[in-house]
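Some features that Swiss-Prot has for this protein:
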- H220, H289: heme b 1 binding site (BINDING)
- 48-168: domain 'DOMON' (DOMAIN)
- 184-380: domain 'Cytochrome b561' (DOMAIN)
- 1-25: signal peptide (SIGNAL)
- 219-239: transmembrane segment (TRANSMEM)
- 251-271: transmembrane segment (TRANSMEM)
- 291-311: transmembrane segment (TRANSMEM)
- 327-347: transmembrane segment (TRANSMEM)
- 360-380: transmembrane segment (TRANSMEM)
Amino acid sequence: MSSSSSVRISLSFIFLALLISPAVSQTCKSQTFSGDKTYPHCLDLPQLKAFLHYSYDASNTTLAVVFSAPPAKPGGWIAWAINPKATGMVGSQTLVAYKDPGNGVAVVKTLNISSYSSLIPSKLAFDVWDMKAEEAARDGGSLRIFARVKVPADLVAKGKVNQVWQVGPELGPGGMIGRHAFDSANLASMSSLDLKGDNSGGTISGGDEVNAKIKNRNIHGILNAVSWGILFPIGAIIARYMRVFDSADPAWFYLHVSCQFSAYVIGVAGWATGLKLGNESEGIRFSAHRNIGIALFTLATIQMFAMLLRPKKDHKYRFYWNIYHHGVGYAILTLGIINVFKGLNILKPQDTYKTAYIAVIAVLGGIALLLEAITWVVVLKRKSNNSMKPLRT
């Protein structure tokens, strides 16, 4: 083998080593701090590429922490908190770090989060000191929060605290921090922290409550996608096109009613899970998605009850009832599909789910276009045959 080939191979191995080493090094045990500070316990937190180093002094119930994470975007923020009463963000006693827009220096502030609308600097419910923030350039632009916290007596007795962490893309006006994303990773960024370090060096889970909330979000999405986004369009296609064929009467009507009633029942279940999620997520509002959901439930409920008032075919009001029924039906069809896409944008599942739903809608749309052409041919041919019939004297 020539010397030039050997050099190229050696350089290739060096290049691969340089690529691999940063990925391998991103663990809590490999991190170092200024002043050679060390902490006996560290955790690779399961969400948001975050790490926690800590020590607990039982003699004075003091918890010393270093929280490290990359902001969601350059110029964003990171936060670590203890929630004395619950597991979510509301009620959290929070430390927030970001780079001051004026001078670019990392700073740390405290937030007592009573609601999602009160994200402004405020005093915590317990003492905290030695607060400092710094940028860790070697860790891909991560920020670090240093602090010592006086752990409340009731939490000391439990031996554990509920910790919450978060990252956001930007700062808001008036000293407020900007809104963070509501992806699964953001919603699952909470866990129980053992003060004695029994979970030291491990990766910890977000807890059953978080997993249940994510499961409910997925159930809500599936129920509503199937009902408003698939079954209702199928029912509309059945009503519009099958009725043209005399041989399909009255089967098309019962198929239409069965499909729409099933969609309504499933949709109500999805709507109820949405209400439950809203009640469990105080301060989190997706107004457009919520309002469309309420409108869908209202229109669909009216549509169901209107079936009880359906006039007979020869009744003088049947024409007006048909206009109402078709108008409300198409409104439900349109709003349902729009809201499914809004829900997908909120849930942010894997691209395959959104692609699959787009494929389903495309197939239904293609079937509708094909049936539209076929039924027009049938109707025009029927009219032509009727016009050619001789008049009886």
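For all residues, glycine too, the Cβ spot is worked out from N, Cα and C.
Put simply, of 219-239, 251-271, 327-347, 360-380, the stretch with the most CB pairs closer than 8 A to the transmembrane segment (291-311) is 327-347. In terms of DSSP helix, strand and coil, the domain 'DOMON' (48-168) has 9 helix, 63 strand, 49 coil. When secondary structure is read from DSSP and collapsed to three states, H220 (heme b 1 binding site) falls in the helix class. Looking just at the domain 'Cytochrome b561' (184-380), the mean pLDDT is 86. Its Cβ placed at the centre, H220 (heme b 1 binding site) has 22 other Cβ atoms within 10 Å. Long-range Cβ proximity for H289 (heme b 1 binding site), meaning a same-chain Cβ under 8 A and a gap of 6 or more residues, is found for N339, K342, G343, I346. Long-range neighbours of the transmembrane segment (360-380) within the same chain, counting only residues 6 or more positions beyond its ends whose Cβ lies under 8 Å from a Cβ of the stretch, are 229-230, 233-234, 237, 240-241, 244-245, 337.
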